[in-house]
Amino acid sequence: MTSQKPDPAQQIAALARERILILDGAMGTQIQTLGLSEEDYAGHGSGHACRHHSEHPQKGNNDLLTLTQPQAVEDIHFAFAMAGADIVETNTFSATTIAQADYGMESAVHDLNAEGARIARAAMNRATAIDGRPRFVAGAVGPTNRTASLSPDVNDPGYRAVTFDDLRLAYGQQVRGLIAGGADLILIETIFDTLNAKAAIFACFEAFEEQGNRLPLMISGTITDASGRTLSGQTPTAFWHSVSHARPFTVGLNCALGASAMRPHIAELAGVADTLICAYPNAGLPNAFGQYDEGPGDTARQVAEFAAEGLVNVVGGCCGTTPDHIAAIAEAVAPHAPRRLQGKVAA
Ligand SMILES: [Zn+2]
């Protein structure tokens with residue numbers, strides 16, 4: 001690279017050789033604490049009116065807050081950055097035409113992603129201006145609410161609610177928006193159907209080729225089954241072999257499980273993958289009310305065990321994790337070296 005500014009991909013790869021990197025915690029948990037109303041979500045009254053029109057109620061459309069409550073979203077990113085996150089995820093988990101169809105907000109998809117990345121970058125710049133630490137924006141790409149390899153109809157196992165090409169096109173639009181807004185990495189996360197993720201990977205490659213710039217990919221599966229498999233039936237090893245062609249910067253697991261329950265699956269992935277390992281579990285399991293009770297110290301102690309065993313390169317939190325959880329995790333893993341690739345060459 002001959003450019004004057006450091007290349008984020010090289011910068012983050014260099015940092016990852018020195019220490020375990022910290023990813024942020026749950027956006028949704030922080031948004032819940034704001035107690036926002038339908039009016040707040042839609043941007044009527046307080047906040048910015050959304051120029052994209054929909055007849056559907058918007059309460060619960062957390063991604064839309066990027067456009068209607070941008071300061072609140074930026075402040076959440078900033079809180080995670082100051083808690084110690086090196087990488088924050090954009091508020092774009094459901095910002096595809098497929099997922100936004102539930103809210104009639106397909107027309108907002110480009111803006112949700114471009115603004116989502118821009119707001120996260122603004123929050124990172126605010127934090128870096130205070131402490132001088134470099135920080136990175138990961139464009140978050142969620143699984144959508146449809147599965148390409150499973151039928152939602154038990155009476156018609158051959159039926160599919162979505163095709164690979166539907167997903168490729170929807171993810172392509174999302175990724176182009178994230179790149180336009182300045183994302184440094186793309187994080188394909190909460191993967192329960194690997195075929196959906198493969199469509200997202202393909203869409204990323206198409207977008208990168210257009211732009212002449214390949215961003216590092218982070219790929220994160222979700223173990224939803226007590227037998228240790230994804231919803232589409234893969235073990236962690238099978239999952240790795242299905243996505244390794246993407247040469248991702250990291251591969252890992254997030255969501256569905258607390259840290260202790262995730263440990264054997266992360267250990268399996270760390271044993272087969274020749275790239276960096278990323279783990280961001282939930283704050284334990286939800287209680288009867290769907291809330292997460294596990295405190296920062298508890299989560300951090302379990303995640304620190306991953307680090308002490310040399311299993312991980314990037315750690316953070318998924319559902320239920322707050323800035324306090326991220327601060328505790330950052331402190332707990334600091335004494336431990338990142339996982340070594342033992343003769344394997346990182347992507
Ligand atoms: Zn989660």
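The backbone N, Cα and C atoms fix where each Cβ goes, glycine too.
Remember, it's a predicted structure, so these values are computed and weren't measured experimentally.
Per TrEMBL, the feature Zn(2+) binding site maps to C255, C318, C319. Taken from TrEMBL, the feature domain 'Hcy-binding' covers 9-333.
Location within the structure of each feature annotated in TrEMBL.
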residue: C255; record: Zn(2+) binding site; CB count, 10 Å: 22
residue: C318; record: Zn(2+) binding site; CB count, 10 Å: 27
residue: C319; record: Zn(2+) binding site; CB count, 10 Å: 23
Same-chain shell around Zn(2+) excluding C255, C318, C319, C-beta within 8 angstroms of the CB centroid, reads A26, T190, N254, A256, Y280, P281, N282, G317, G320, T321
Mean pLDDT over the domain 'Hcy-binding' (9-333): what is the value? 96
In the three-state DSSP scheme, C255 (Zn(2+) binding site) belongs to strand
Once the DSSP letters are reduced so that anything not helix or strand counts as coil, what is C319 (Zn(2+) binding site)? coil
